[in-house]
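The next block holds one structure in the form of structure tokens; read it before the comments.
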């Protein structure tokens, strides 16, 4: 039965899409602004009438039986529709029911042949991944349109920001709630099994879908001042109507989970609940994604996606010592002797703030630069690391070569700084040495010294009795 339906439906779909492209091309022909000026008059009526009809026909041909509940709000009643749960591109059925509103779409989609023209006729809010200010600009554009008093069409937003399995509602992004305007929640249900793979869905005789328009949610003064609160209350209303739970996981969590899977880490090892800790730690997606790569590289030597102190020491190219154990404990939040990705991210944040400030890095560089010639040799570098760790015979050649990017045998300040910022795990070693230096200064001012004082920043494991502290002394420091 599916073999018969598939070619017949595919032919009809292709014909409908070509018709939609034709009308979209006519409506946008010689239209100024390229999305910055709203379609008006006959152009807008053509899009709303023809594309609505063609989209409904398209879903009918695909075998969708649509049941609509509730009243659809007008543009003045609710400038924004918020729909959930978002599980597939079939959710676009809402567009046909609401008069083809604008949507939020990636800028790259607008250049797609045929579909790009159809999408452009809807005048979407485009998001560019190359633009670092894309998120801010998107919110500004949504706000401008929502407050335009009818000049722009309504906006349809899936606030989850990604597709889910419909078992719960994840954290809503705040873009739809920043404009402080009323929103209409829209629910999606698929009573019979929806196969996300388009070909398999087309092979089904029919697919039922229920679209329910809930009453318009008008924000209170408290919600207007707090988009996060506004979003959470709308989400809770929708979750109650759907009879599903909510979860604090976010779109970024889903991306991390996918990335963790690609790096062959257990999915749970890649999860960081951004809504709970991102504001506290000022986490950014790009930095966390890089940290996930680093964590995966370390965890590849262990089992289960967790790092033990042995793998941690091997990654740092340092032996296990009291100082290294103290550093490891900064990461091991629950004290189980291993580090998962969440603990790793939190540990890095602790080390970076304030250990890796410009001032700390510059001071550490001066301490390493014993002859004050503006560079650090391998001997100078070894001297400080050996002293900080309390391991006089430590071979640091591999670590030194990793920092020496230009392979000159000497470290410039820029090389040192770049390494310190990219590998904050080493910051603890620098601050440990600084604390060790202060300890020496205190002892020299309180204990009579008969031998010749050492020059500034020339504390070294050999040749200085005072520097050769016992392991227990260093631990106390």
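Glycine is treated like the rest: Cβ placed from N, Cα and C.
Copied over from TrEMBL, here are the features:
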type     : residues : note
DOMAIN   : 319-354  : domain 'EF-hand'
DOMAIN   : 356-391  : domain 'EF-hand'
DOMAIN   : 399-426  : domain 'EF-hand'
REGION   : 452-477  : region 'Disordered'
TRANSMEM : 6-29     : transmembrane segment
Per-residue pLDDT averaged over the domain 'EF-hand' (356-391), given as an integer: 74
DSSP helix/strand/coil residue counts for the domain 'EF-hand' (399-426): 18 helix, 2 strand, 8 coil
Composition by DSSP (helix, strand, coil) of residues within the domain 'EF-hand' (319-354): 22 helix, 1 strand, 13 coil
